[in-house]
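Scroll down for the structure; my scribbles are underneath it.
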Amino acid sequence: MTNQYSILFKQEQAHDDAIWSVAWGSNKKENSETVVTGSLDDLVKVWKWRDEKLDLQWSLEGHQLGVVSVDISHTLPIAASSSLDAHIRLWDLENGKQIKSIDAGPVDAWTLAFSPDSQYLATGTHVGKVNIFGVESGKKEYSLDTRGKFILSIAYSPDGKYLASGAIDGIINIFDIATGKLLHTLEGHAMPIRSLTFSPDSQLLVTASDDGYIKIYDVQHANLAGTLSGHASWVLNVAFCPDDTHFVSSSSDKSVKVWDVGTRTCVHTFFDHQDQVWGVKYNGNGSKIVSVGDDQEIHIYDCPI
């Protein structure tokens, strides 16, 4: 337990190229936590976080091109990765073996996300569709069509009701998952939406854009509830803290910022990376943040809780 923000651990040369994505899960059996990273070096790496340090568990080979997105199942020891090779791969975190490879088709799979029940994997495509794959079947179950541009980012709401997508032209779409209907189209940004994240109570959606702004939306009414500035360049990633009170952002200005949801203010900035920071995530209880970037490093920070 700590009462201030500080950098706790640095893994230098974690990959041989830029690290574009990170996920954080917990291993209940071993009382340890798992960090998964995806890099332009074509590798997915699985790290164990225990005793305040990272140990490399598996280096997963299979992708033919850079890995752009990783996620960890909420229910099983499985990770998913998507790559510029247009394949999604599922990995067993307990033995480091590939479970299956899914051909995402001629349109690149970009960001991917497990559904809250982890039975599905959603991924955005170049043609404005969100494709939903069955984790068990490995097949495309259905698509949601934004009728828009290349989808860079997607997120499920934790309550399983909504799926949000962010496109290269700054348009955000929110779908009702049960009906497949498009509920809201939000036009708050004029530049690519790199990342979006729902609050744990599914009431708010936070969006990150190349315009340098972070926006907070009230999901139910699609109202803009806040515009936050502070990053000096593109905002590349946002992730909510499990306690609903804070979220974290990362940017090509090389910084990681922690924001207070209630006051809409930045409460801490980390300047520890040497290059743009592509990915940030909280751990399960919100006591730690992980960040990854073009400097090939993984950083773990302590948060006051």
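Keep in mind that glycine also has a Cβ here, set from the backbone N, Cα and C atoms.
So that you can see what the record holds, here are the features copied from Swiss-Prot:
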MOD_RES   M1  N-acetylmethionine
MOD_RES   T2  N-acetylthreonine
REPEAT    14-57  repeat 'WD 1'
REPEAT    62-101  repeat 'WD 2'
REPEAT    104-143  repeat 'WD 3'
REPEAT    146-187  repeat 'WD 4'
REPEAT    188-227  repeat 'WD 5'
REPEAT    230-269  repeat 'WD 6'
REPEAT    272-305  repeat 'WD 7'
Residues of the parent chain within Cβ reach of the repeat 'WD 5' (188-227), under 8 Å, 6 or more residues beyond its termini: 111, 152-159, 161-162, 164-172, 174, 233-244, 247, 249, 251, 259, 261, 264
Within-chain partners of the repeat 'WD 2' (62-101) [C-beta distance under 8 Å, separation at least 6 from its ends]: 17, 20-25, 27, 34, 36-44, 46, 107-114, 116-118, 121, 123, 133, 135, 138
Intrachain neighbours beyond the repeat 'WD 6' (230-269), with Cβ under 8 angstroms and 6 or more residues off its ends: 5, 194-201, 204, 206-210, 212-214, 216, 275-282, 284-286, 289, 291, 293, 299, 301, 303, 305
Surrounding residues of the repeat 'WD 7' (272-305) on its own chain - C-beta under 8 Å, 6+ positions past either end: 1-26, 33, 35, 37, 39, 47, 49, 54, 233-234, 236-243, 246, 248-256, 258
Overall pLDDT of the repeat 'WD 2' (62-101), taken as the mean: 96
